Every structure is written in structure tokens, then in C-alpha cells.
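Before any comments, here is the structure.
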């Protein structure tokens, strides 16, 4: 085969074997040209002898050769190779491997499918189809569309076909195994531009029915849409899915919908239950939905008990929230979780930093990364779950497998990192490097060794050897991946990692360069970016890898939060996903149930069958290979056996979990070991791309030549020309095959040489060695007559060759081949994954019928979820908690009475309505809503009553009268800006409005104006007969009634009847122009349009007129004057020319009526009128006459007693309020010099609770406390860190920030000790660490004690965090137990020890405690002033100062608070301080008296206060508002309640500055808390009997007024608006008293800041007044309505059996006995016994309670403070610490020798010594350096172990150990 073919017989391109080309054509260029010539005639393949195949991707069909058949096609060649391998498998019993090499897009996946289908077609078992389905599922889950191909593999595949050895010729397929290596997880959340994520996600989106989409939540318009229209299932391609790349990627020529049906079918064929398939689809939907979650920063305005921190936190800390709650609820439903807990889990992440669990509060970007991590984890676990289940269904028992065929296909070489994951790129390239190295070994080294042993000499061939790169990357122990893993495990930094790489590889390995030299900036300096990178010279080119983020990525840590969250899932499937072996967990060493973190294994779950076998049959050897070193944890590969996985975990306990690189490395080693096995025969398929642009049938010589060079094809071809040996046969076997017998005489070697001479095989294909014969595969086949053997090919339907057989791809396309699932009638089938016209592939035509899918319609066509729970049901199930009864509670009488009132007020609202519309599933939450609603009703009623009293009450008591006295009428004369009014017959009209409309308009307005303010009755004579019907129904028209004005003092100025203008209005009968109804019509019109009121006559004035002989009286409030009538003012007159009729009756009024006015003038005649003996008709007629002729006005009652009462009642209330304001003002004016107190000798504790504040805030607060002008020796700074939490914007946990400020090094790590906390259930057990020392700042040296709440080991999320109240309780409970000499918890005993023995002060000495928030800065003299005031008045139990704002001008929100802060302190608190009862001592700046000065009786820490304040069961609305909203106010309430004889005071001279909320949402939340807690606390105070004062001057009355004013705050603004509107409508009556009161309130406030010279407050006051609507209306109403907005926790009270009230919780039941307690004396005695130490020398008791082990760092002299302890003048503490350092050291050594329980075991030390020596430079390493390194690793002093360390080191070095 070496020689060239005879010229002219066949064209050059017909030669398929490259080694057969002439020697001068063996260069890269010539071989490329030869490949091109074949490519252009439709022959895209070539061979490297029988061992390798070269295939060029045509980007068209891979199954059509030049003549249209498969001959010459890639598929044909693949089938041929498979047939040869299968033959060899049967004939020689060798394991076979087909290894694919090539770049992404070269067609490896397609050819792999052809090879697999060929192998499966050789077997007739039903297993063949199962294996094809399994392969399809693997591809569906792990392939994607990249820039270079539609089917890019993104996971390494080791596909194993298992055969038994019963038949020597045609082995039987008995099983298979899919071993996946390292899925590219990063692609899930980071889809590169122009590429897709994994195909299955697109299948799901496209292939589900409308009903299924609805169930999965795909039909919601929740996703960002690029088109404005509504999203329908048809427009699904236009939705923007974050995890699916650009919307254009949804349509790329892949039939996704069909792919989904095939995916479901494949799962069904592999016996996955329908319900499980539906669950799988739900989980895939979850992944898509997680991508859609939108995060934003918000405030945790829902109050929870765990909140902590200062004023700026009170409105709710900044948290990350999910904006699209509907998407979140879909995710929660499918995962079986509660919506709130899932949302909460995104906003934080728990990490382990320096062996401490820390919760990091995440911003929206961090939450997005957290969500991405969740998506990656779920997808990885789902893939692992599906593949493991597939393997369970296809894998044969290991001991029955005789031989295997392995198909190895790893992703192609990656020059750039497309998904942003350096780790994925590095591991993928490392695998490619390893496989290529194996290829080179197979062709070169492996054969060379054996040829040398057999004394066969062949010419050497030079080739590019990539061993340096392989060794540099993959060497066990000190290869790059091993170092990466080791550095990750040890928690090294990136800089340390870079340094390690430099030490290892610089000038030692040419393939790896650390800190690429090329990246300089012209200055000669290497850039930071270049320094943090390394370059690997791969066989396919150099690649730069960034170190940035690599260590963290390699850890691939799944936080414990996620694991614990998934523990609570209600979904069995999700529980199963997170319970599989693919998920490795790390548990806490002390609490095995607590999962610290987890990791999705980067190792496959299964091992190849060959790797599990201890030895191979010797007789079947081919070429010997250097045996691969057995990896240490070979057996525990992926935790395949329970025993081994357990072993691995125990090994990890010391070193931590193996990283991705370490796992991948060990799995690669196993692959390499299997492939390098002597009993395995490898084949290689080199897949090449003809061009880089995916253009069909175009050959780019440059592109192909580069690939030919990369893979060293020319060198391999040359090597095969020299030595193409594939089989080695010992002489006996060779001769047996050659059937030589005894014909030839001689030795076996001579006989063999004779046979070779006869065969005339070329020398490079057949050679005789010293013990056997080397043959090429062709020669062996010829010899063994393999061609005579028939390899059967089976078809799925049993049809002939022409039919479409199972996995027998005839017309499949490249990149689109392999796939067809349904019958061949559909020409477009198979495009679902590979595009193009393919027709055949994974599945045979008959395999897809419905024979095994009985009732399969639900799966394939309808709704696969119809038998599952709905999303709503799942969500409800996920929100439920597992509860257990933990306690029984009595219900108080007051509670029962209150609930009766609540139900009375809310009975009409049915419970189901609250459940349905309010979405309140829990009964206690619904009850709280009812309470809230009842309280709101009461408040609204109070407001309504207040409004009623202000507005409606005066009107009811004294109805408004529109009457004008004579003087008032006269004042409306149109002069000096007054209106113009005029009166006619007792009715007042608006002359101003009338004048412009006066007819005729010739009369000038000035003439009319002179009548203003006058009675114009005289101008309008009346026709009596038209206005009155008389006694009998008619009056003669000639009868006239004269009008006589009443000119008496007090009556209106009247116009004479002789006025010039009177004649124009005279239309009486006797005039020539008679219009009897004119006056009535005019009056009607005037009343309708211009009426202003009536002339008013007071009862007194009517009496006065009567005395002056006026016949005047009132009936029903109307005043009638009959004087003129009675005095004879009646006459008759007829028109000119007519006579007055005789006997005209001028007496038209009934005598009885007249007599009333004659006999009873000046009186109210209403009763007499009613009693008149006249008929109804007469009464009506007389009433008409009175109204029309004698009416002069109405009775004016404005000065009556009832009206006076109404007026002065409101005034009295106003004056009372004003008096309170004046009192407050007087209280605020506390002038006098600010005397600077003298030095004081009282011991004080300065307490700062820290939560998630930043370093600047903490440093400011602590420094201000330390720098207070108070004797440093007598103050103790106590910082209580509430949980291991990294706040947003912080780079370290808060405790670490605090310790760094105080100067405590990280090496100091005390033991966490138990103590009781405030929490639900088991959360009552908490653990804390105690640190103490000295803090030096600006010349002050202050002792400090830091309490760090770290939580129990089982706490994963927010470990230790229990809230601000709990932080206060830590110190309160400790001091309480100190003063009452009660048993203490371990942590409290440690606190006692640290304070007494380390700091040197007995804890009972401390008399005062100053509580300051972490965002508050105190003035230097404030502490001294507080103590001085408390000494001056020993009855003071609590005292607060004035708090100002440090961020006054930061935002509009802070600006409106400045004045309010000033006034609330200087008015309200100062006023309350007068009574000695400040009702709210703010927690941000208050000093409390710990014990009384005289009797030492505990006050602040008395039993009653501590017990009440440590209430754990906070389950009612009232208790929630007291303890979760306003714990500071409630603490004050408790002090007033339990110590009524003591005072709480305000001291304006003591100053502090805090931070006010800057955003409106936080401000709103903070004020909601304050207002609601105020209401509930004042309700608590009102019943107290002991509040000082008497009657209205009592504090109780003030409390009631305060409560009322809080409730009816909105009314005050409403009243001001009412006054303004009143003024706008009617400025004539100004409510002066109201304005005087308002002016007094604000005027007095202004005086305060004027007297205080706070001139800037004038501006702030204006800002405040503009914000009045917010403070007076918006805040109260918002607060009252949101009174029940809490995070309710999971503990609740329910009605149990027999009506008992029982508490249930999901936190478990707390057993107080789980925390051991001892009195200090007992504890000290135990220490004394243990150490034989004298009691007065108890400093030595540096034993922690938990372990009795000594902590050297905690000794008086050794504790690292912010300055060296030796400079500290100990004696001035008056302490007993006089122990000499030398004695201390010797005692220290003695103690260590006595108790070594905390030291590591000898085995652990030995393991670490081996590890150190394995990587150490033996030329420089010393025993001392080894001991120091061990101490650093274990974190303890190992002096006691020095002899063992020295001996063990020597033993390891000498090989004895």
C-alpha cells in the first residue's frame, strides 16, 4: 500500500489512504491539496490506514457519495469503520474505542451518530432502540446551536456499548452506558450572541400545547415583548426570554416543536412515567421563568423580629425584591416552595469565610447572579437525574460485560470563552489536549516501546509532542488543575494562586506561562490584567486564561441557603432532584444535619466498565501501554458506591470539598486509563471544517491546512508509512491463523518469516519480532479471513436493505443528520435539531407508533399536566408549613373583651371574603386584619366625632341665621369696601348685584347707590286686595294701607314714602296705571335672585318697641308690626272719575288677630296664635295677610344661651389645647448655663448594636463613644453584632468590620458558646463569640467587649441574627443574672470572665448603661451630662438627650424631618419631662440606670422588666406593634409600669446626631412604625394608676390627649383647610379665635428656636409647614391602615382540642435544658479545681465554657488590642492582674500539656505533613517551617505536638511512613 498507484490507471483523488501517497506528497500543503481534490469530486473523506478516518464537513448531506449512494460519503466510511471495529471486537475480544477529534462545527456529533447507528444495527436486541433514544436524550440536553454549527456538543461524552463474550464472532449487545463529562453549565444563564442555549429549552417552548403553555405560565404577558401586540402562542418567538438569547434564535431552521414530541417519546420509550415527564417539563419551565425574574432594590417595610440597627434601619433595611411576582409564584409553585421564602432566598447568600458562615445581603445584580446559580444548579441536577435514570434502564450488570465499545466525543477546542466562564473553557480544552495526547501516544510512543522490546527497528518520525501541556495541565498533584483545586480548597486569594502558578511553572514548563509577557503598556510594566492571567500553549494554539474569578468558579459552591430552602420543598420530584448523588453536600462537623454548602459533581456518576475491572485477560493483549497511575479515589468515582462516597466525604472533612477542576481531572484520568488500557484498540476520526463560514461545498485551503497542521496529520501519515502496526500476534497464534502446520520446518520465527514472504505484505504493515508478528489491521484481516465472516445488519421493521432501518442513516445531512423519529412519509422530519432534509437517524420508522403509549394522547397532543395539580394548588401547597404543637397559652380576660368588640365591629365581613380577597390563608393573620379594621373604624369614628364637633355641632346647637340688625344693615352701605344691601318689608337684598340689572337703565347707578344700607319699604306701595284676602276671601280694591316708618333708636334708616322715586313703583288701584300683582311678582323675583337674609329683631328689642307703643310681636320666629293698622292707617281711594263704593269694609283683619297684637305686644305670640278660635280657612287667610302686609323681619337668636354655649364650648377646647401648647413651650424654655459636670467615678456601659451598617457609620459611632469626656477606665464599650451578615455595599461581615476597627486580628477565633435568644422554636438557642481588649483612639484607651451572635451550626441563612431587641436582651439578661446571682449560660459566663478577669471590673460595679445606635454619633460631653443628672436626681431611671440629623440636606425627605425632630424633642419630650414621664426614650440615644444607687436594687434589669421585654410569643396585632415596631417605646412603657416611683427625663444639653431616612418609602415605613407603636404603647399606659399629677394636670390626662391627638391628626389639617375655605367664601365673618390659636401654636414654636438662636429653623419650619399634608394626613392614614403589615413568622396560636389555645411552629420545640447553666461561683470553683488556681488569681481561667481548652490569645497580656497591652497601665484599673509574665507562660504551658482535646489527631497531622512535603522544595524545607505551616492550617498552637511532628516528618522523608 506504500507505493504509488500506477500512473494513468486511476485519478489521484481516488487514493483514499493518505500514507499510500508518494513521499513527496506527505507535507501539510500536499495532503491538503489531496483532500481538496477528493472534496471537489464529492469524496469528503480520507483514511490514515485502518486506524483513523479524516472527514470534511460538507455542510450538506453526510450520507450521499459522488454517485448519490452512500459509497464514498462520510456515513459510508463511518459504517465501514464501525464494521471493522465490530469484527475486531468479535474476532479478537478486544475492547474498541472510537475517539472523535475536531473543532466545533466540524461534524463530530453527526459522525458520532452514524457510528453509533452502525454499531446498533449489528444487534437485533430491543436494547438497540433504547440506546438510540438514550443518545438522543443526551444530545437534546447537552447540545446547542453555536456560531459554527447547529449541533454543538457542550458536554464530554463517553458512550459505552456493552457486549457479552458468549459468541466469539458476533458479540451480543447487552447494555450501554452514557457517561457525561462536565456540562457547560455557564451557558444556561449566559447565552453568547448569535448562539442558543440547550435545545431542550427551545423544544419545550415551541412544542407545548396551549393548555400546557397555560399550565407552565408561558402564556402570561410577563415577558418583555418586542412587538406591541398581545402575545399569543403564535408569537411565542417574539418574547424576550433572558435564558434563550436573542428572539431570533427561536427560529434558526430547527424544528423545535417536533423535537419536543420526540423528546417526550424518547423518555416514554425509556420507561419514564408520564407524571415524571410532566415534572421534568415543569422543572425546565422553572429554569426559563427564573431567567425572567426582575430584581429591584426596595425596603423591607414588612417588619420582622430579626430587624436590627438604628434609626436609618427603622423604616426597613434596603433589600432586593422581585418585581414580577407572577413569575416568582410560577417558580415557587413548580419548586413546591413558599413565594416569600423563595423571594427572600434570592436577596442573600451565605458563604463560609475563614471558617465562619456569613450571610451576604445582595443587591439586584447579586440577586440576579444568585438566581442564575439556582437555574444552573437545577439544570445540572435535572440532566444528571435524567441521564442516571436512563443509565439504570440501559446498563447491564458490570460482571456480565465482557467487552465494550467506547465512543468518545468531547467538545472541540475553544479559542475564546463565549459564555464568560474561564473554567468551562479551561476544562474543555484540557480534555481536548488529553485526548489529542492519547492520539499521539497511540500512533507514536505506545508502538515504539513495544517495537523496541521486540527488537524491530523502524525509522523514527518527528512530531509535535504536547506532553508538556498535558503534564502541566493534568499532572496529579502539581499540574495546573490540581493546583487550582488545592488553592480553592484552601481558600486562597487570586494573587496567591497566581504566585503558586508562577513558582510551579516559571522556567519549568514551556507550555504554561504565568502573567503573559505580551501585555505591556509601552512603559515596560506588566498590566494588572496581564499579571492575573496565564497562557497555555495548547496543541491548537495559545490561549490566555484570566485568573479573575477562577477560584470561586472552581469551587462551584451551592450555598447552604439553597439546600436548606430545598429541604422545605413540597414537591417530591424536586426533593428527589436535590437528593441524588450528583449533589455532594458538606455538613457541619458538629451538627451533621446542618448542610453548610453543596456542589453539583463535575464527575460523572458512573465509571466505564473497564475502569472498574481490576485486571484484564492477559491473552488478549494488543500493545502494552504504560499503566496509568490509579487515582486515589478511583473507586469513589462520583460517589458510585455508598461505601466509597462515605470515605471520600470523611477525607474531605479536613481539606474541604474537591473543586470542579479536581473532579474533572480525576474523571479525565479514568478516561485516559481506560483508553490506554492494553486490551483496548482505538480508532480516531478527525473531523475537519472545509471553511470557517459554514458555506456548503466550499474548500478553503488555508483553513483546512491549519487543521491538518494542528492535528499533525502529515506526521501521523509519515509514521504509518514507516510502521503501520495495529495487531501483535504471538508466533503460535499467528501460525495458527496462517494454518501453516508442519509443512515448513524450522523455528516459529522462521516459519512466520516464510508466511510473510509468501503474503508479500509491505514492510511497514508486517514485521516479525522476537516473540511474535506485528501486523496492520488490513494484513490481520487478510490472514484471519475476516472478509469471509458476515456481520449481520438488522432493521427495525425487518424490511430489506432498501427500507429505512433502525439507526441506519442513509440520507442524513451534516449537522442535521441522525434524526428522524416518525415514519418516512413526512419529508421535513428530523429538522428539529439538525435542520436540512434528513430522514433517518436515532429512531426507526416503526418505533414511534403508539403501541406502548396507550392513552398517550395526554402526553403527545393534549395536556400532559391534566392529571397533575394545578399551579395554584402547587403554590398553596408550597406555602404551607409543617407545624408541631410547642406550647399551650391562656387567653386573658382583656383579650376576650377586646375580641368581642372586634367581632361586633366587623361581624358583617365574612371570613371567606378576607381569605379570598385579602389572600390571607392563616387564621391569625385574618384575625389581625379584623383587629386592624376595628381599630381603623374606631379612629375614623374619632375623626368623624372631632369633625362633627368642629363643624356640625355648633350648627346643630345654634343653627346659622341669615339676619341683619339695623346697625349691620346700615354698615352695608357700599362705602369703605363694604357691600351694598337694601331692605324691603323686612327682607334684605344684595343691591350690588341688582343695580346692573335695574330697569329702566336710564337711572344712574349712583342714584341707586344712595339707598344702600337703608330700609326701602316706603318706595314700594302695595295693593292690599292683591296681597290679602281679608276676613271673607276678598277686599275692595279701593282699600289702602298706609306705611309709616318706625324712626326709633335702633331701627333701620328708612326712606320716606314721599321719595321722588316712589311714584315709579306705585301701581295701586286708584292710580291710572293699575297693576295689582306687580309688587308680588317683583318680590318673588328679588327673593329668588338677590336675597341675603332678613332684618333681625332680638327678643329684647321687640320688647323695647312694645314699650314704645308699637303693636309688634313674633309668631314662629317671624316678626309682625300691626301698629299702623291698629292706629287707623287704613283708607280708601278710587281712580280718577270713579266713586268709592259705599260701605267699604276697611277692617280686613280678623279682630281676634288684631287683639293678639293689641293685648300682648312685644311677646312671642306663637302659642296664642295656635290657640286662636278661628277656622282653618280664616287662619290661612290671616297668615297670608300677616306675611305680605305686616312682616318686618325675623327674631334674632344669635345671642341666645344655646348659641353662646356652642361658641364657648369649642373655644374652651381650643383654649385647653392652647394651654397644653403653652405648657410645652414653658417646659422647653429651660434656660440656664450648660454647666460642665465634674469628673465622675460611676462605671458605665456604652452599648452599640451592629447589624449591616457600613464601616464609616460603625467607626463614627464607636469613636464618638470612646472619645466621650468620661474616665476611660470607668466606661466599657460593648458592641453586639447581630448575626454574621455582609450588608449591601460591604466587603466583610459586620462583626469583622467591628473587630477590624477595634484592632482584633483574624487569628483570634474564640469558641462559639450557647445562650438564649428571642426567636421562634429552636431559634431560641443561639451561639455567640466573645472578644475583649483595649481600643485606642485619639489618646483614649477604652476597654471593649464584643459579642458576635454566630448562630448554631444548623443555621445557614442569616446565622445568629435575631433582631435589635435580642441584642439589647443579651446585655439585659446578663446583668439581670449578675445582680440576682442566677445561673448563667456558657456565653454569659464567658462575658463575666472577660469583664471581671480580662478587663478587671466586677460586672456588678456598672451602674449605668448608655444605649446608642450604630448610626448615631454622640457629643463628647453627653455621657457626663447624663451621669451628672442621674446623680443629682437618684429617682431618674432613664434619660434621653436631643437627637439631631447628620443628613439634613440629603434629600427632600430628610428636609421635612429637620424641624419635626427639633420640635418633637424640644416641645414634646421636654414637656413630658416636667412630669418625669417621658413616654418614649429613643433607643438611639438613652442612658438607663442599671441599679439603684442606695440599695443596689436592679432597676433597668429587674426581673419584671426583663421578663416582659423578653416576650417570645408575639402573635397578636397589639404585641407585634409593641415589640416589633416600637421596642424602644415599649421598654420605656415597661419602666414606667414596673417602676412608677422613678422618672424618665429629657436633657436638652446632651446631644447626639443620627441619620434620618432619605427615601420616601423608608420614611413612610419608619413613621408607620412610630405612629402605630405610639398608639399601642399609649393604650398600655392609660390604665396605669401611678402616673403622676392630679386631674387634668396628671400625666395620664396628657397621655390620653396625646393618644387622641395621634388618632385625630388628620382632622387638624382638615380644620385648617375648612377655615381657609370659609375665609375664601365669606370674609365677612372671620373666626378670629381659631387663627389666634394656630398663630399661638406656631408662634410659640418659633419663639423656642429664636430663644435658642436656631435661626436656620425658620427655613426648616416653612419646609415643615409645606409638608403638613404628609405629616397630618398621609402618614396617619397610611399607618393606621397598614397596622398589620408584618412578616408573621411561622409560629401561631390555634384552637386545639377542647377549645385550648395552643402555639404551633415549624421551628421545632425549644428545650431550655439544651443550654447548660451555672452560677458564677460554681463555674469559678470548677476552674479553680481544674487549675488549682487561687480565687484571687482567677485571671488564669482562660478556659472557654464549651471546651475547657485554653485560648492563649485571650490572656490579659496576650490579647491583641488596638495597641500593645504592655503599654497599658494596669494598676489604675484597680484590678488584681499582677501575674508575672514568666509565671504566666509556664502556667500556660502546663495547661496545654494537661488538656490536648482541642488539638488535631496524629492521623490528621500526618496527612497534612504528607501534603506539605509533596509540594515543598526539599532543599529548603525544615521541621520548623513544617510545624509553622501546620499551625497555620489547623489554626492552633502545636507546641505540644512538636516531638510527633519532628518524628513523623523524618519518617515520611525516609520512606518509613
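Every residue gets a Cβ built from N, Cα and C, even glycine.
Residues or ranges marked as ATP binding site in Swiss-Prot: 102, 103, 104, 105, 106, 107, 108, 109. Within 10 Å of the C-beta of residue 108 (ATP binding site) we count 27 further C-beta atoms, all protein chains included.
According to Swiss-Prot, the domain 'Myosin motor' annotation covers 1-788, on the basis of sequence analysis.
Sequence annotations record features per position, and here Swiss-Prot assigns N-linked glycosylation site to 634 (among others).
Feature annotation from Swiss-Prot assigns N-linked glycosylation site to 1047 (among others); the stated evidence is sequence analysis.
In the three-state DSSP classification, residue 1072 (N-linked glycosylation site) falls within coil. The N-linked glycosylation site annotation in Swiss-Prot covers 1072 (among others) and rests on sequence analysis.
Per Swiss-Prot, the feature N-linked glycosylation site maps to 1572 (among others). In this structure, residue 1572 (N-linked glycosylation site) is part of a helix by DSSP. The Cβ of residue 1572 (N-linked glycosylation site) has 27 neighbouring Cβ atoms from other residues within 10 Å, across all protein chains displayed.
The region 'Actin-binding' feature in Swiss-Prot is assigned to 668-692; the stated evidence is sequence analysis. Predicted-model confidence for the region 'Actin-binding' (668-692) is 91, expressed as mean pLDDT.
Positions annotated as transmembrane segment by Swiss-Prot, on the basis of sequence analysis: 898-918 (among others).
Under the heading transmembrane segment, Swiss-Prot lists 937-957 (among others), citing sequence analysis as support.
Here Swiss-Prot flags 1209-1229 (among others) as transmembrane segment, drawing on sequence analysis.
The transmembrane segment annotation in Swiss-Prot covers 1603-1623 (among others), and the record cites sequence analysis as its basis.
Among the features that Swiss-Prot reports, transmembrane segment is placed at 1630-1650 (among others).
According to Swiss-Prot, the transmembrane segment annotation covers 1657-1677 (among others).
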**Asked** Taking the Cβ of residue 104 (ATP binding site) as centre, how many other Cβ atoms lie within 10 Å?
**Response** 23
**Message:** Quick check on the region 'Actin-binding' (668-692): DSSP residue counts for helix, strand, coil, in that order please.
**Reply:** 8 helix, 9 strand, 8 coil
**Item:** Other C-beta atoms that fall within 10 angstroms of the C-beta of residue 107 (ATP binding site)
**Value:** 28
**Prompt:** Who are the long-range neighbours of the transmembrane segment (898-918) in its own chain, taking Cβ under 8 Å and residues 6 or more past its ends?
**Reply:** 926-927, 929-931, 933-934, 937-938
**Complete:** Smallest Cα-Cα separation from residue 1072 (N-linked glycosylation site) among the binding-site residues 103, 104, 106, 107 is shown by 104
**Prompt:** Can you count the other CB atoms that lie within 10 A of the CB of residue 106 (ATP binding site)?
**Reply:** 26
**Request:** Tell me whether residue 102 (ATP binding site) sits in a helix, a strand or coil according to DSSP.
**Result:** strand
**Asked** Which residue, of the recorded positions 109, 1072, has its CB surrounded by the fewest other CB atoms within 10 A?
**Response** 1072
**Request:** Going by Cα-Cα distance, pick out whichever of the binding-site residues 102, 104, 106, 108 is nearest to residue 1572 (N-linked glycosylation site).
**Result:** 104
**Listed in sequence order, residues not in 102, 103, 104, 105, 106, 107, 108, 109 with Cβ within 8 Å of the centre of the ATP site Cβ atoms** = 57, 148, 149, 152, 412, 687, 689
